Amino acid sequence: MSDRKKLYIKTYGCQMNVYDSERMAEALGGQGYVETQSPDDADMILLNTCHIREKAAEKVYSELGRFKGLKAEKPDLKIGVAGCVAQAEGEEIMRRQPLVDLVVGPQSYHRLPEMEAKARSGEKALDTDFPEEDKFERLKSRPKAKRGPTAFLTVQEGCDKFCAFCVVPYTRGAEVSRPVDRVLAEARDLVERGVREITLLGQNVNAYHGAGPEGETTLAQLIWQLDKIDGLERIRFTTSHPNDMTDDLIEAHGDCAKLMPYLHLPVQSGSDRILKRMNRSHTAESYLRLIERIRAARPDILMSGDFIVGFPEETEADFQATLDLVEAVGYGYAYSFKYSTRPGTPAAERPQVPEDEATERLHRLQALITRDQRRIQDAMVGREVGVLFEKPGRQPGQMVGKSDYLHAVHVTGPVESGALRRVRITGSGANSLAGELI
Ligand code: SAH
Ligand code: SF4
Ligand code: F3S
């Protein structure tokens, strides 16, 4: 074929989807596709979808509807749905939206090249298996293109925890960890291509237990292996579950200089009654004790979390316990969501909290979180922090990057993308800090 085909991928949901989209683009690169930033000139459109809340899933159908005109103009255009909605509702998508040529679940991406060929030949292609083989090992390896200074690297996928509200164990399947040598090889390759910060990903990344030369390897042991890679300056990981915060991982936060002082540790609720109904298997108290131990190892760590309000049977007193927990922790960042009923999950069967009550609680929680976030961000003024610069800012001569604590920081001055520099923070704005190079 003379002309290269164009691929447009739109990514929804979590960082694991961002990583998967990169890998899918590479896999289809082997089929002659190059990426395009616009659906209008695409030969193939892939939506990498999220099923976590109802709104996220419904977006997919409205987005698909918008491609109707394009497909009428361009009958050769192929439209595919990947990700967690594909896994959960694959056959229904095919039924509801005849525009769709291809549906692929998150564990079958290594089969995309064959599926694309099938779709090209005019057949519908659907694969929502949980294959035995590991998609990561069979996906085409990364091309040696230069990369920006930060990258995601998925090391663990799936979840066996079955929180009563959550679809992830159904859409991503059972928990699996990638072998240590594969992770290290991919990390070295990323560093050779210009990456200086790697964020290790997993739905329960701290449950990592990949096979290594000395047997089963913990996330902390993996981090210490990555620590040895010259040129890799920063390591982060997300998302963690409180029950998998092992002693060696807590210690690593104190001892490993490359491991950044930021920890996303979702708790969901501050009420033990609700935590029990959520099947979270930790209490508010055990979570607070855990944070005490983490802060003993790394006093300046910035804590981040996730919350659900309006979970079935949540009372005002339960919600108050969540506010108390937020007060006690002091989050530098936190993400809060109104409970969304997900078909097939146990919580969907329980008495639901009225929508307006849930909305009102969400606003109160968010006000508290914003206050703390603001206070913690403002307290950075006057301090010196490390900043990894990523790209030019909005003003001429400006460069922006992320601090060790993941705050966005902008400076004016001669500094290149990929430079890790010490910066004195001079001001705190709405969503970012201003600083000057030291
Ligand atoms: N594996 C991570 C996060 C999974 S999903 C963990 O265990 O913490 C990201 C966040 O979405 C969750 O932390 C939770 O706060 C939120 N979430 C998941 N299911 C939800 C639902 N049904 N309704 C509202 N929020 C939900
Ligand atoms: Fe979902 Fe719970 Fe698993 Fe997180 S730990 S992915 S919230 S089931
Ligand atoms: Fe969404 Fe699937 Fe991630 S449901 S949050 S894309 S694991």
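Indices start at 1 and increase along the chain as displayed.
Every residue, even glycine, has its Cβ placed from backbone N, Cα and C.
Record features, source TrEMBL:
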type: DOMAIN; residues: 5-121; note: domain 'MTTase N-terminal'
type: BINDING; residues: C14, C50, C84; note: [4Fe-4S] cluster 1 binding site
type: DOMAIN; residues: 145-375; note: domain 'Radical SAM core'
type: BINDING; residues: C159, C163, C166; note: [4Fe-4S] cluster 2 binding site
type: DOMAIN; residues: 378-438; note: domain 'TRAM'
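The structure, with features from TrEMBL marked on it.
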residue: C14; record: [4Fe-4S] cluster 1 binding site; DSSP (3 states): coil
residue: C50; record: [4Fe-4S] cluster 1 binding site; DSSP (3 states): coil
residue: C84; record: [4Fe-4S] cluster 1 binding site; DSSP (3 states): helix
residue: C159; record: [4Fe-4S] cluster 2 binding site; DSSP (3 states): coil
residue: C166; record: [4Fe-4S] cluster 2 binding site; DSSP (3 states): coil
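Within 10 Å of the Cβ of C163 ([4Fe-4S] cluster 2 binding site) there are 21 other Cβ atoms, across all protein chains. Counting only same-chain residues six or more apart in sequence, the Cβ atoms lying under 8 angstroms from the Cβ of C50 ([4Fe-4S] cluster 1 binding site) belong to Y12, G13, C14, N17, A56, A57, G83, C84, V85.
Residues C14, C50, C84 make up the record's [4Fe-4S] cluster 1 site, and a Cβ search at 8 Å around their centroid adds Y12, G13, M16, N17, T49, H51, I52, A56, G83, T171 from the same chain. Once Cβ contacts within 10 Å are tallied over all protein chains shown, the binding-site residues C14, C84, C159, C166 are led by C84. Checking the binding-site residues C84, C159, C163, C166 against ligand 3, the ones with a C-beta less than 6 Å from an atom of that molecule are C84. Under 6 Å, Cβ to nearest atom of ligand 1: this is the test, and of the binding-site residues C50, C84, C166 it is passed by C166. Residues K161, F162, F165, V167, V168, P169, Q203 surround the recorded [4Fe-4S] cluster 2 site, their Cβ atoms falling within 8 Å of the Cβ centroid of C159, C163, C166, which are themselves excluded. Checking the binding-site residues C14, C50, C84, C159, C163, C166 for a CB within less than 6 Å of any atom of ligand 2 leaves C159, C163, C166, listed in sequence order.
Residues belonging to the domain 'MTTase N-terminal' (5-121) score a mean pLDDT of 94 in the model.
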